[in-house]
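Below is one structure, written out as structure tokens, with a few remarks after it.
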Amino acid sequence: MVFRKPPDGGWGWVIVVVSFFTQFLCYGSPLAVGVLYLEWLDAFGEGKGKTAWVGSLANGIGLLASPVCSICVSSFGARPVAIFSGFMVAGGLMMSSFAPNIYFLYVSYGIVVGLGCGLLYTATVTITCQYFDKHRGLALGLISTGSSVGLFIYAALQRELIELYGLDGCLLIVGALSLNILACGSLMRPLQSSSSPPPEKMGVEKVPDQYFVYHEKEKTVEENISILEKGYIDEKCVNNVPDCKQDSILNKNVLSSININEKDTYKKKVVEQTNFCKQLAKRKWQLYLTYWKETMVLFKNKVFSALFVAILLFDIGGFPPSLLMEDVARSANISEDDYYMPLISIIGIMTTVGKLILGILADFKWVNTLYLYVTTLLMTGVALFAIPFAKSYLTLAMLSGILGFLTGNWSIFPYVTTKTVGIEKLTHAYGILMFFAGLGNSLGPPIVGWFYDWTQEYDTAFYFSGFCVLLGGFLLLLAALPCWNACTSQSSKLPPNTYSYKVASNA
């Protein structure tokens, strides 16, 4: 499909608005799942580690399945995928209201809702990039704030709905709100030129012409022979019965000779098609080999390897607060009368602020984006170490705001990836990193919950989380230091697009 030049405006701003609301509606409940987490603990009586799997799956499965999501959007388009995913998110939320046990929630809320969110994220980002070129950064920044605003609003909304209608009623209402994704998806008009051929014709043209020529020829020969044979025999049998048997025998001899020629032609075509299939399989195998070779080249870049470890450890340690902070407050015996705002709402609004401010800082030429990202990791680790010492709502609210702001480093992560591997390898590298980010999102909350089930307090769990984030930050800092680059460059030549201090300083 041939796309027109991105208009950088016009209907593109409608795409930005509907993409913002799409991410708002689909990610609002999964990101604010900490409110539901408390209710599930009381409803099912399972351990904190087992219950935490529900929220971690909902937030991690979309990243884990990002390659599948990309294939779906590329094959079917953003609008059909968005509409289908809207049904998935709404249906998963509504099914969760009838969950008889925690295992049912793993499927209905964790997998169905999580996969729907992953598909919607890919669809919104893809169609936004199609409509914008010069203002692509601004457009992507605007739609990415939809999830953070959703976290801020849904945290308070779900708490209020639970008080009024109970947990089941809350999930039904939130699921019904998600049906608005269908209206947003219907407005995602694809950007394609009117002169492009229809998909059916393009699909047919991809198949080798020789196959269709032979297929039609074979069919025509068989049909014509059968018609001529039948008409000739019928006519002779009516006019002259004795000649009927003789002509029938003669006709069979003619047909046998024709069939011999057709069999030879058929064998030739079978050999041609077999060779074609072998060449196609060989070409596919070469593509797979090339993919793995490029992957190995990426991991030879020590900064990329450190970045892969850092994003994995960051999501293992940095994601649990957004899910478990409400339970941390309840474990600290903080009265609900002291609550001025849900802690998850504070995380959500400060994440929005962090994305904007850190994104603006990354545009300054004097700011090293890699060191800026490392700084956010180190500060996140320190804040996680401070959570066990917070025993009041005010201190927990301050730490929630700090952690939310630092979590906004997602907005500069693409900058860091681009400067690390180069723009030509960005898609490949970013897909790998997002897979491990999803793995960290899925493992982080259950690990923290298991620590609580083991020690009956959150202190050890958050010490472990802080250690993971600090370890990832220090490894990335060590890999990016100029002195380390100088030492390694003397022994071996660095691969292309390696992140060095000189390149980074111009980020």
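Using the three backbone atoms N, Cα and C, a Cβ is placed for every residue, glycine included.
Pulled from TrEMBL, these are the features on record:
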TRANSMEM  12-40  transmembrane segment
TRANSMEM  52-73  transmembrane segment
TRANSMEM  80-98  transmembrane segment
TRANSMEM  104-125  transmembrane segment
TRANSMEM  137-157  transmembrane segment
TRANSMEM  169-188  transmembrane segment
TRANSMEM  303-319  transmembrane segment
TRANSMEM  339-358  transmembrane segment
TRANSMEM  370-390  transmembrane segment
TRANSMEM  396-417  transmembrane segment
TRANSMEM  429-452  transmembrane segment
TRANSMEM  464-484  transmembrane segment
Worksheet item: How about the transmembrane segment (80-98) and the transmembrane segment (303-319): do they have 3 or more C-beta pairs under 8 A, pairs 6 or more apart in sequence?
Response: no
Practice prompt. State the residues, same chain only, that lie 6 or more residues beyond the ends of the transmembrane segment (137-157) and have a CB under 8 A from a CB inside it; answer 'none' if no residue qualifies.
Written response: 12, 15-16, 19-29, 31-32, 34-35, 124-125, 128-129, 131, 174, 322, 341-342, 344-345, 347-349, 351-352, 355-356, 359, 408, 410-411
Practice prompt. Would you confirm whether the transmembrane segment (464-484) and the transmembrane segment (370-390) meet the contact rule of 3 or more C-beta pairs below 8 angstroms, pairs 6 or more apart in sequence?
Written response: yes
Item to complete: Decide whether the stretches the transmembrane segment (429-452) and the transmembrane segment (52-73) have at least 3 CB pairs under 8 angstroms, with pairs required to be 6 or more apart in sequence.
Response: yes
Item to complete: Grab the same-chain neighbours of the transmembrane segment (396-417) for me: Cβ-Cβ under 8 Å, and only residues 6 or more beyond its ends, written as numbers and ranges.
Response: 141, 144, 148, 307, 311, 318, 321-322, 325, 328-329, 332, 334, 340-341, 343-344, 346-359, 361-362, 369-370, 372-373, 376-377, 379-380, 383-384, 386-387, 390, 426, 429-430, 433, 507
Worksheet, complete the sentence: Other same-chain positions with a Cβ less than 8 Å from the transmembrane segment (12-40) and lying at least 6 residues past its termini are 6, 46, 51-52, 54-55, 58-59, 82, 85-86, 89, 93, 102, 105, 109, 113-114, 116-117, 120-121, 123-125, 127-128, 131-132, 139, 142-147, 149-151, 153-155, 157-159, 162, 167, 170-171, 174, 177-178, 180-181, 184-185, 187-189, 322-327, 330, 342, 344-345, 348
Worksheet entry | Tertiary contacts of the transmembrane segment (303-319), as residues 6+ beyond its ends and Cβ separation under 8 Å | 56, 59, 370, 377, 380-381, 384, 403, 406-407, 413, 416-417, 420-421, 429, 432-433, 436-441, 443-445, 447, 464-469, 471-473, 475-476, 478-480, 498-499
Response to the item:
For the transmembrane segment (169-188), the distant same-chain contacts (Cβ-Cβ under 8 Å, at least six residues beyond its ends) come to 14-15, 18-19, 21-22, 25-26, 28-29, 36, 78-79, 82-83, 85-87, 89-94, 96-97, 120, 123, 127, 154, 157-158, 161-162
